[in-house]
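Data block below; observations after.
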């Protein structure tokens with residue numbers, strides 16, 4: 001495997017709680033400052049821009065590149081979905097029901113954005129124009145968390161407090177699939193090129209592969225206290241994930257081979273993760289830095 005080079009870019013202050021990160025087709029990195037009440041942009045030339053949000057405490061958390069090539073993000077405390085244009089023009093879409101606490105968000109095959117409502121026990125769908133539909137889940141108190149588009153045309157999500165994943169579409173009712181471990185606490189979810197889903201289980205320090213046939217394979221990490229959080233797939237067949245509790249970025253191949261990369265500063269608290277158009281891996285560190293790793297080819 002080629003040597004992985006890690007480079008950090010200061011983009012915020014530790015007290016601003018840098019959280020989510022997403023890449024757009026122009027090579028820019030967009031990120032959320034959960035306590036800084038702002039969205040930031042790191043351009044390919046290294047310039048940092050900041051876009052304040054019109055809330056005292058909107059708590060922007062997860063961010064993704066939408067089907068329109070623009071950054072879309074959830075505001076957990078403001079109960080809204082936001083979208084930014086490259087020039088900083090902001091649109092906000094308030095959710096129909098209060099205190100839903102939207103969290104995970106991902107683009108779907110239908111050209112819409114799908115999001116998880118942690119406190120609402122619902123999955124939401126928003127069009128590019130801002131029309132919102134919501135779908136009740138059959139599990140109460142499950143804490144729907146992160147979203148991913150599956151190769152099967154469905155949207156998949158984690159249920160953090162139910163130890164399960166679920167699937168849904170605009171025409172298919174939600175289905176729930178327990179992961180088997182009572183302490184799993186799944187958070188991040190991603191789909192690989194073979195159609196399998198990969199889940200970061202923060203509760204028991206493992207990465208799980210959930211294949212198209214429903215078979216579950218668990219890959220324990222070096223420490224059960226690693227607290228894997230976000231996960232993303234690269235084009236080479238690797239899954240990259242943040243280890244919030246272990247101060248590392250992890251990598252797992254489709255065959256289950258694991259590797260880990262220590263962050264330079266102790267207590268960096270990595271959260272969100274994304275892959276840019278050049279195949280580099282980016283992670284958001286709560287210390288106010290983005291770290292870039294040059295993605296290695298498959299072993």
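Using the three backbone atoms N, Cα and C, a Cβ is placed for every residue, glycine included.
Counting only same-chain residues six or more apart in sequence, the Cβ atoms lying under 8 angstroms from the Cβ of residue 229 (substrate binding site) belong to 187, 188, 200, 202, 241, 242, 243, 244, 270, 271. Annotation note: residue 229 (substrate binding site) sits in a strand segment as assigned by DSSP. Look at Swiss-Prot and you will find 229 tagged as substrate binding site.
For the recorded site, residue 286 (Mg(2+) binding site), the DSSP three-state label reads coil. What Swiss-Prot lists as Mg(2+) binding site is 269, 286, and the listing cites sequence analysis.
Taken from Swiss-Prot, the feature active site, proton acceptor applies to 271, supported by sequence analysis. In the three-state DSSP scheme, residue 271 (active site, proton acceptor) is classed as strand.
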